[in-house]
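One structure below.
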Amino acid sequence: MSHLLPFPRRRLALACLLASISGASFGQTQCDVAQLQQSPDLATAISSADYACYSGWFSASSDTLNNIYSEASLSRVQVALHQAVQTYQGEAEQARAIENLGEYVRAAYYVRYNAGNVAAFSDLLGQQFAHTINAFLANPHALDQGREQVGAMKSLTLMVDNIKQLPLTMDAMMLALQQFNPETAKNTQWVDGLNNLFRSMAGHIANDAFYRYLASNTQHIDMLEKFANDNAWALDTDADFLVFNALRETGRLIASPDKATKQKAVQVMQRVMARYPLGSEHDKLWLAAVEMLSYFAPEALNGLDLPQAKRDLAARVLPNRHECQGPAIIRSQDLTPEQAAKACDVLAAKEADFHQVANTGMQPVADDHNQRVEVAVFANNDSYVDYSAFLFGNTTDNGGQYLEGNPADEHNTARFVAYRYANGEELSILNLEHEYTHYLDARFNQYGSFSDNLAHGYVVWWLEGFAEYMHYKQGYQAAIELIAQGKMSLSQVFATSYSHDTNRIYRWGYLAVRFMLENHPQEVEGLLALSRSGQFEQWAQQVQTLGQQYDGEFARWLDGLEVTPENPDTDPDTPTEPSDGVTQLQANQSITLSGKAYSEKLFYVDVPANTTHFSVAIEGDGDADLYMSYNQVAHYYDFEVSKFVDGSNEEIQFAADASGYVKPGRYYLSVTGRGRYQAVNLTATIDTAAPTPPTQEQDDLAPVMLQSGQAQHLTVHQQRYAAVYVPEGVSEVRIWLSDLTSSDSQGNVNLYASREHWPTPEQHQFASRYAGSNQYLAIPVEQAGYLHFSLNAPQQGDDVEMVVYFH
């Protein structure tokens, strides 16, 4: 939802939530962290920075919390930001300065959050930033729609979730919603700025100050329902996410311990279900309402046959079924029989490769009955987000998910859920090979369930890194480019948990797996012998030993690593050197050409990383044609793509891939005269986005339903929920929370419990708040009913195992 697109509607991926903004330089500034530490005027240096600075700000080390990210430094930045807001008159340069200051503040909070046991910034500092945000939203230019102006608005409204001060800013942010109309909705970047209200509402779940505020301001629930009803027209536009999130986050308020807030939110969800019934055009709102009610107020769904509703929806949304000759059964929304057969071929090839690489002997681990795997493929990310969670219980802020279930259960259904990132003749199924590798790895390499695999840590690097390796082999450019940003030791990578960031989990995991497979295959054989027999404690011990043993070798190996494309003949790694006859074409600048029939003029254009749009067009008189190739000179007789027609008006557009960006590199083009042509304008249009700053990892807020004696693995970044139904005859429930990460983990997850409502750090009946993430509760029980649990990470989160026992 970060793309600026006009009507008519073209659905946007819900995962794309951050800004895509111009990569053009704002100023030649010295803005990396080391330079800022030496700057005599920090606020001025930040204000004049360019977009390229953001990545360094967000990836800064925790040492910066003692200098440029200290509370004193941020206090001075707050003063500068407030002054910039007070003098803001809607000019682009002013807006850029505000956005820079805002992103710097967000980066500081991000670094502090990821630093572990470091004191939080004070509430007073957060309140000062909140007052600055309110002052900005009160400015008559706050909601201007220029590119830079929208950037400023988005940065400050997104900051609310960083500083956790929504009770102070919600009135102003609710007021901004009133500017949403059919005209402003055309700018989805601007709409995404309004959507930061709902991001903040989700980020304030279990926040006691927020719940107290809402208990005294329940009119906001009425206003959000009215907003959604009044703007139902937007459900047929690219701005539909704003209406959807208004209702979804209203539903999440059911988790409030305040009875009046909960009751009002439940009533709104029930009205949503009546207005948008399952099977209607916008039934994803019905699904959102059912999701919230089933999580936080299941009693409100009494009488609704959810299993039948799921069967009906699955039959409508995934009507196609194709059985592969191997273990896969493909259910899809829009794959043709030919495409489904091609997917089977891809999976079969990957399976053969897997058995060779992992040396499995094609022998499953003991007690694994997952002989088949269901592959559910949605047509696009929108359908994946709309329907998959309801149908299969997966999270949707990802590129697909493998759901192993209980492999020891003969009636279990192993499944991975995926979606297509394009709907042409190609398969375009995101992470198809990655997720299928998870199935194969679990069946042939990992004894027991997912929780069993994670019970002693030191395994995430393999689970995700091996799946990435099987997909990319030696061609994972993004992972290799990551090395230049700073090396990790092998021991560090081996200690990775799911509470770490995606670069560490997937890309560094890939590098560790590739290193071990290439340099120490016998050690890998030894590790897999342990995991196949369920010896995960011994696995963890051996991995720690190997990390210490090979740290130095791994560092040297990284120095010599290069990308090897899988098909070098068809996708050359090095572009053809331009000859004297090939001229560089500058992006976004037109040149005028004239030529005779059969004449040819050759050009090349370099497309940088983070390009969101790339097209080349000719327009003029006569009859010229356009031909193009990637990384090799294009001619009218030797080219990769052309859209030639009669006349001299042609355009070639290059689609973004699954990452959202056009493939970077050198593109060659030929303008050839089929007849004489004159006054033909040649233009290469390139739009780039600033590298998206990282955001705090998001929790799955769906409560986990526990069973007595069955351990559950939970990754907690900030907040998770769990519940257990206690039957008659139980007098005590005992709950253990165990840290699954390495011994030097700085994570801290606290455990809260209540009988009547979802607990918070302030409103609960029972609590365990020992240092670290090992917690224990013994709760007396007098009658049957639910126990509700909240797992809260006040600073750095953790991977934990949760288990309950009835006595």
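For all residues, glycine too, the Cβ spot is worked out from N, Cα and C.
Per Swiss-Prot, active site is recorded for Glu435, and the stated evidence type is sequence analysis. Residues or ranges marked as Zn(2+) binding site in Swiss-Prot: His434, His438. According to Swiss-Prot, the feature region 'Disordered' maps to 562-585. Feature annotation from Swiss-Prot assigns signal peptide to 1-27.
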DSSP state at His434 (Zn(2+) binding site), helix/strand/coil: helix
Cβ-Cβ distance under 8 Å to the residue listed as 'active site', same chain, at least six residues away: Gly400, Gln401, Tyr402, Phe416, Ala418, Ala467
Cβ neighbours within the same chain of His434 (Zn(2+) binding site) - under 8 Å, at least six residues apart: Gly400, Ala467, Glu468, Met470, His471
Packing count at His438 (Zn(2+) binding site) (other Cβ atoms within 10 Å of its Cβ): 25
